[in-house]
Structures are given as structure tokens and as C-alpha cells.
Amino acid sequence: MWLSACLCLVLSFLGGVNGTCPSQCSCEYHGRHDGSGSRLVLCNDLDMNEVPANFPVDTSKLRIEKTVVRRLPAEAFYYLVELQYLWLAYNSVASIETSSFYNLRQLHELRLDGNSLTAFPWVSLLDMPHLRTLDLHNNRIASVPNEAVRYLRNLTCLDLSSNRLTTLPPDFLDSWSHLAVTPSRSPDFPPRRIILGLQDNPWFCDCHISKVIELSKVTDHAVVLLDPLMVCSEPERFQGILFQRVELEKCLKPSVMMSATKITSALGSNVLLRCDAKGHPTPQLTWTRSDGSTVNYTVIQESPGEGIRWSIISLTSISHKDAGDYRCKAKNLAGISEAVVTVTVVGGVTTTLSPDSSERSPGEPPEQHPQPGLGGSTPPSKSWLSPGLTSAPSYPTPSAALYTSTWSPPPSSLPPIFSAASATTSVQTSISGRTARTSHQPPLLHPGGKSNAKIEKNGRKFPPLSASKKEELALLDQAAPMETNVTIKDLRVARETGVSVTLMWNSSSSTQESSVTVLYSKYGEKDLLLVNADDYGKNQATINGLEPGSQYVACVCPKGVGPREDLCITFSTNRVEGRGSQWSLLLVVTSTACVIVVPLICFLLYKVCKLQCTSDPFWEEDLSKETYIQFETLSPRSQSIGELWTRRHRDDGERLLLCSQSSVDSQMNLKSDGCRTEYYG
């Protein structure tokens, strides 16, 4: 009897849960021909102030709209395991618990538009792994926290329009960065896109939303704005201006530079990897492995100036587990950029110490043993820019790279660049299975503690490794170049012109021509040029771009090994005959011009001086030849008509006229008789 009562109670409860519809809601069941179906529940009673607790468990779509529900309690829908659509639009919801959507693992669409939310529990998205649409339109949300970015990855539609947002986290759009690199699964289907609604918010246009501003200016992107015609509210100079017309002056996405893309190193050696970045604001640099894990090696990072930052990672005593990709990621408010370098580890390591090493004093460096095939000379020490330091750097483009090396051959007649002193080798490591050796040498530093290593790629100089910094010097001292066993002899000049020269040599190795490196420089200069790999041939190389009539020094050495005296040659380029004839023609033209112009100038000067000296007598002579009107003087006393009109002598009239016009003539006449006035009476 008791068992039957309990059974009836359980059945009645299950029946109420499965089939009972809340009194303030309406429930509809839509069946299909295959016997399956879906249940729709609609609750829009204006008097409803809380979420009912007895929805049918097979509900697939629940709509609670236009009610006065103000709060979503914890686990409000936990038993609706088949729920796919939850619409809570145009209510009065002001708060949501973190666990309000617990157990809604099949939910595809969540709409909370038209409520009074000031915040959303973003962590609750973990309880809804299949959620694709989240509508928070027309609420009072004022900010999106930085931690929300990690939960947005699975969303395909996010509507935050008509809220109170002024800015967004810098990494907001990075939530969907995987879509930019993931190719489409099939050519018949378009790539997956994200719909993002951000319009009708009082945006403050600065670097924090620079990515959104740039997004509004492009059309083909994985993330599509629901309304690209968004406007700025602040600052005042951007107020009312469309995102598409805003130009932010101090926002620059980082650019990352690495001096090599592939590094091959011996097992147990040390490698330095360097990364340089520029951007505004000044970017932050992080190193990660290909699997996303952080790097557990010493990392040095420094910002020498605003907008510039570099970072160095030291891989000491590397093993095969250290091989792989190393990513340098630069990040600031304007965006993220990264560069990748691949490290390859080869060989096995055995350390060989000379028999008399124990007899030396602790402070005395060990003696270096000559290597076979190298003529017993001391291997040069070379200062390289990291990464590399164990092999010749590999560049993405085949363009020639300019770098400065410090060599240490024995004294010879070579130019001063080949006479620098270097540190001796302290350890020799043999690589099993290969006839190669690794010489661990510290880079040579100039007085003052600064290294002269530098590289120029594609015409752009990379800065030195800031060797003045103690930490960086400590890392540089651990670097080691790798020397391959290639014997080169009989280096000679096969052909030379005014602008190029062809070098030939004999090699006892069966390796390809790419196993050697050709360096050259103008005689007496310190900057060495690396010959382009495209100019290499079988045991020969062509150096182009030389100056006619100049002296150069060229060296051929195995890749990763510095130049030696016996592998270098001095040559001079031919003089261009055409240039001499041009100079001769120019000299003839100049001489002819001087012969013609100089006498003409002298003649003109003579004429000018002559005119200046003869100007006064010339004018006096002209005045004397002029004809003047003769004047008669009337006497004030009574005279006869004959006497009154009696003409005076011509010379006296002329003298009277000149006396009234010229002071000089007046003085002369006064001395000789004066200007007498004659009266006839």
C-alpha cells in the first residue's frame, strides 16, 4: 500500500513536469511526420514578476516577453536540457546570476534585448558551449571587461548596440582571430563570418577602439559590422564624425622584425634569438612555442625609445626538445603582430679537452689546436647579430645583407680590417657523425665594451645588440658559430671588368656551392658585403656593383666560418676608358670658353675705363660746336635806334650766355676779363 502511494506520487510529479504548462504561459507542441516534435512556450503576462519553475522538460523554445520580471535566479532553467532558443526580450531584467543558465548545453540562441542590464555574466557562456547568438541590444551596459574576450570565441552573432559603451578591450576583436587564418572547408561554402552590432553607443575614439575603426573601413573581413556607419561622441575633435573618416595619428600597429627565419645549431650549443618591434603605443613582446606554451629561458627586454622595443632569448645548451618554432608576439592597443623563427638541432655532442689543460693556470686560456684542412691557422672569431651565432643567417629574401665582422688572422699584408685581435677558443666540441666542429668564442668588443655587430637587410640597418648592457653581454658571450669541413684552395680572379669580377676556386668537398660564403669589401673599409646567393656558381661567384678603378678584398669561406688569410684575395677593377674621354672633352670645352670669354671681358673693361677718363673734354668739345642765339643788351638811357640795335660781336654773346649757365666757365671768364656788359649810348 505504501509503495503504491509513492509510485502514484512520483508518476503525478513526472506527469506535471512533462505535461503541465504554467498558468501565465501558453504551450504549443509542433509534431513532425517522423514522430518527433518541438514544444514552444510563450509567457507574456504583464503581471508576471518572476520566472516560472514548472516548464515542460521537452521545451525547445522559451519566450518570456513583455513582463515585469526583474531578476533571473540561479539555475532557473537547469532541467530544460533540450532548450535551444531562450528569448527574454523587453522585460525588466536588471540582474542575472552567474549560474542562471546552468545546464543549457544545447542552447543556440539567447536574446536579452530591451531590458535594464548594466552588466552581463560573461563567464556563464561556459555553461552554453553551443551558443551562437547573443543579443544584448538596448540595455544599459557601460563596459565590457577584459576577461570577457576569452568567452566569445564560439559566438557568430553578438549585438551590443544601443548601450552605453564608450570603449572596448584592446583584444576584443582577437576573440575571432582564428577565423582569419582558418581556410574554408569547401569551395562551395563561403568562409565563416561573425556579425557584430556596435552602433548607437557613445564611443570615445582613441587607440582602444582603433581596431574597430579600421574594421569599419574594410568590406572583406571575417568580422562584419551590423552597421558600419558608427560615429564618435568624444573627444570633441571627432564628435559626430563617422568611424570611416577618423584618422588616429598616434595609433600604429606593431611591426616585428627578426634577423633570421631558420637557425641550424649543434646539439649542446648556445643560441640567441632576437626580436625587434616598432609601434605606438610602445608594444610589449612575448615569446611562445608553437604549441602556445611560454618559453622557459632567460629573456631580456628593453625599450631604448618611445615606440621601440627589443627582446632577446638565450637558449643555452640546447637539446633536440628545444627544436621547433619560436614565436615573438608584439602587442599594443592598435593590434598584434608576430614573427616566427625555426630552430633545428643536429648532431650529438662529445667534449674533448687537450691533455695539457690541467697543467695550465686557472686564469690561462686553453691552447687552441689546429683543425685538419684549415692549414693550422687560428679560426677567426666573428661577431654576428643574433639569432644565428651558430651558423650563417638565413634571410627571407635573397638580397645581399650588410654586416660587420671582426676577424683575427695572423699578421699579413692584408688591409687593416683583417688585423684585429680576437679571443682564443676555450672549448672545442666535436659533432658525432659529421666532420664539423663548433668553436665557442665570445664576440670581439671594441674598447668601451660595445660590439660592432650590425646587419642591414633590404637597405635597412638593424641596431646592434646593445652590447653596453651587462645582461646582453653575458648572453653574447655564450654564442658560438658553426664551421663546416669544406676545403677551399687556389682562389683566383677569373675575369674582371670595371664594375664586376668573377672569382673561381677549387674545393675538395662534394657539397654544393651553397655551402660557402663569399664576402668582400673595399680595401681599407670595415663594412663587409655578403654576395647574393643568386650570383654563386659551381666553385665560382660573381661580385657585381663595384666601382671602376678601385681596390677590393674578397674572401671565400665555408658557411658559418669567418674569413682567413689564405682564403682571401686582393684585386682591382678596370678603369672605364669612356670616363677619361669625357674628362678630356670637358677640359677642351672649358679651355675654349676661357680663351673666348676672358679677352672679351678685358676689352669691355678697357672701353669703360676710357669713357670714364675722357667724359669732360668730350662734352666741352660738343658744347663749343653748338650754335647759340645771340642776345643784345638794351641800355636804360636814351639811345638812337641805330645804336640800340647795333649787334655785338659773336664771341661776346657766346661768352655772356656761358657765363650765366656754367659756373666753371664764369670763373674762367672773370679771371680773363670777366663778363663785361657793354652799353651803347
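Backbone N, Cα and C atoms are what each Cβ position is placed from, and that goes for glycine too.
What Swiss-Prot records for this protein:
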SIGNAL    1-19  signal peptide
CARBOHYD  Asn18  N-linked glycosylation site
REPEAT    56-79  repeat 'LRR 1'
REPEAT    80-103  repeat 'LRR 2'
REPEAT    104-128  repeat 'LRR 3'
REPEAT    129-151  repeat 'LRR 4'
REPEAT    152-175  repeat 'LRR 5'
CARBOHYD  Asn296  N-linked glycosylation site
COMPBIAS  378-391  compositional bias 'Polar residues'
CARBOHYD  Asn485  N-linked glycosylation site
CARBOHYD  Asn506  N-linked glycosylation site
Could you round the CA separation between Asn296 (N-linked glycosylation site) and Asn506 (N-linked glycosylation site) to a whole angstrom and send it over?
46
Looking at the repeat 'LRR 2' (80-103) alone, can you tell me the average pLDDT?
94
Check each residue in the chain of Asn506 (N-linked glycosylation site) that is at least six apart in sequence and keep those whose C-beta is under 8 Å from its C-beta; list them in sequence order.
Ile488, Lys489, Asp490, Asn539
Tally every other Cβ atom lying within 10 Å of the Cβ atom of Asn296 (N-linked glycosylation site).
8
